[in-house]
Structure formats: structure tokens, C-alpha cells
Ligand SMILES: Nc1nc2c(ncn2[C@@H]2O[C@H](COP(=O)(O)OP(=O)(O)O)[C@@H](O)[C@H]2O)c(=O)[nH]1
Ligand SMILES: [Mg+2]
């Protein structure tokens with residue numbers, strides 16, 4: 001299940017301008033004593049998780065599928081560059097047959113045993129116009145599996161970001177509205193209080209994985225607002241990694257008993273106690289009845 005740590009050759013594939021921005025960002029990270037980042041990528045199937053992993057690495061490290069059948073198992077890709085290790089974990093989609101796939105979530109959790117996750121990339125599409133109950137359920141399931149603290153280590157990634165907004169909306173307004181809708185779903189799905197959520201706002205990263213993505217004069221892939229998105233995304237990832245909140249340590253306890261199960265277990269002795277009292281009470285009443293009945297016979 002472990003992955004081989006390889007030299008990050010994809011790094012050389014980035015345009016020089018991107019490379020120098022990344023070198024600077026990683027240098028800052030090193031100054032803070034961080035020489036390893038482990039990023040977990042989750043979301044529905046087909047939203048562009050695997051493509052985003054490849055874009056971030058500058059190489060085709062994981063397989064991308066246009067139609068349904070994607071990988072069934074999580075995959076960790078590890079790359080090393082100048083003493084810095086980047087681990088990215090790609091995962092199967094969290095929906096199966098129209099429902100949240102608890103099986104996929106469980107598999108992901110087991111795969112993560114003894115790993116520390118510094119950042120979660122929760123991926124969805126920018127070019128979708130609604131969120132529905134299933135999205136909320138997915139968020140709820142992630143929160144139940146890993147604890148809602150995971151959201152303080154997360155970044156919302158919206159793919160297919162090279163789009164022309166409908167209805168005369170400007171690009172920035174469209175992005176803001178879509179982000180707001182997904183963020184609200186995260187807040188509600190994870191059952192986080194509004195104030196707590198605003199205090200630790202989840203940043204949003206825009207992504208365009210398509211080979212047809214526009215480029216600037218430095219050959220960097222850019223969004224319609226002119227932003228070179230790869231260095232921007234890496235910057236956001238690093239900000240989340242160093243935001244002072246605790247990284248997610250996946251240990252036996254987390255894998256074997258989800259938080260919500262633990263919460264439920266507290267009530268088991270209480271329920272058994274009430275059951276016992278009820279049985280005793282019924283037995284006493286029956287005895288009383290028999291005694292009374294005997295008198296009048
Ligand atoms: N135009 C466009 N297509 C994308 C983007 N990201 C992914 N795709 C395509 O969407 C399909 C599913 O992508 P994939 O990365 O396998 O999604 P996953 O199931 O979430 O891992 C593939 O055909 C990708 O080429 C994007 O940002 N823009
Ligand atoms: Mg995939």
C-alpha cells in the first residue's frame with residue numbers, strides 16, 4: 001500500500017515562471033520547519049480529482065477517466081525535490097448508485113491509517129449550478145468519518161474554471177456565488193455553527209485541468225481572470241497547511257470507531273438499564289395482578 005518515493009521530475013515540466021514561484025513557496029515552508037506535505041483529495045466521481053493531482057504534480061501520475069469507471073482504491077503519489085516531500089492521495093469518488101458510498105469512505109480511512117493529513121482538497125466543479133442534498137450527505141459522511149475538525153484543514157477546489165458565466169454575470173461574481181453555495185453546503189453538511197465557520201473560513205482554489213486552458217506570456221495556465229492557477233493553488237494549500245490548526249492524524253481509534261459511533265456507545269448502558277427496570281416493573285405488576293386475581297377466584 002505504501003508508495004515509492006521518487007524524484008519529482010514533473011516539476012521540470014512547469015514553465016520557468018511557475019517553477020520559480022513554487023521554489024519560493026517551498027523555501028518559505030522549509031523556513032517554518034516543514035519538509036513534508038501530505039494532501040488528501042476527496043469528492044464525487046468525475047469532478048476532476050485525479051486530473052487535479054496530475055496538474056499539481058506536472059505529470060500523469062494517476063489515471064483519469066472520462067466515463068464512470070475510475071480507480072476503486074486510493075493511491076498515494078510521493079515525490080521528492082530538494083529535500084522536500086510531497087505526498088498526494090487520490091481517492092475513488094464518494095457516490096455509488098446515487099448514494100454516499102460508505103464503503104469507499106471506509107476504504108479511504110483504512111488506507112490512511114498511520115498517516116498524517118496536512119490538507120484536504122475537497123473537489124467539486126465550478127461549472128455546476130446547484131448543490132443538492134447528496135452533497136450535504138457527502139460532507140456529513142466525511143465529517144462523521146474524520147471528525148468535523150478536518151474542515152479547518154481543508155481547501156475547496158473548483159475545477160472546470162475556464163468558463164464563460166451565464167446571464168451577464170462577471171467571472172468573479174459567478175465564482176463567488178458558486179463558492180458561497182458549496183461552502184454553505186459544507187457548513188450545513190458538517191453541522192458547523194455559522195460563527196465558527198466564518199472564524200476559520202475555508203479558502204477556495206480554482207482549477208482548469210484541460211489541455212485547452214489559456215496561457216499567459218510566460219506559458220503558465222491562466223484562468224479567465226488572468227490568474228496563473230497552479231502557483232495560486234499551491235500557495236493556498238501551504239496557507240492551509242500552516243494555519244495553526246492541528247493536522248489530521250489517522251490512528252487506530254479513528255479508523256476503528258467513528259466519532260458518531262463512539263457518541264452512541266455512551267448510551268448503551270443507559271438503554272440497558274432502562275430496559276432492565278422496565279422488565280422488573282412489568283414482572284412486579286404481573287405478580288400483583290396474580291395475587292389480586294387469586295383473592296377473587
Ligand atoms: N474541461 C475540463 N475537464 C476536466 C477538468 N478536470 C477534469 N476534467 C475531465 O473530467 C473527466 C473526469 O476527470 P477525473 O480527473 O478522472 O475525475 P475524478 O473522477 O474526480 O478523478 C475527465 O475526462 C477529465 O479530462 C477541468 O478542470 N476542465
Ligand atoms: Mg479519479
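A Cβ is built for glycine as well, from the same backbone N, Cα and C atoms used for every other residue.
Whatever TrEMBL says is automated annotation, not expert-curated.
Per TrEMBL, the feature domain 'AIG1-type G' maps to 34-258. Annotation source TrEMBL lists GTP binding site at 46-51, 65-70, 160, 208-209. Positions annotated as Mg(2+) binding site by TrEMBL: 50, 68.
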Judged by other C-beta atoms within 10 Å of its C-beta, the most isolated of the binding-site residues 50, 160, 209 is 160
If you count the other CB atoms within 10 A of the CB of residue 48 (GTP binding site), including all protein chains displayed, you should get 26
Between the binding-site residues 46, 65, the one whose Cβ has the fewest other Cβ atoms within 10 Å is 65
Binding-site residues 46, 48, 160, 209: those with Cβ under 6 Å from an atom of ligand 2 are none
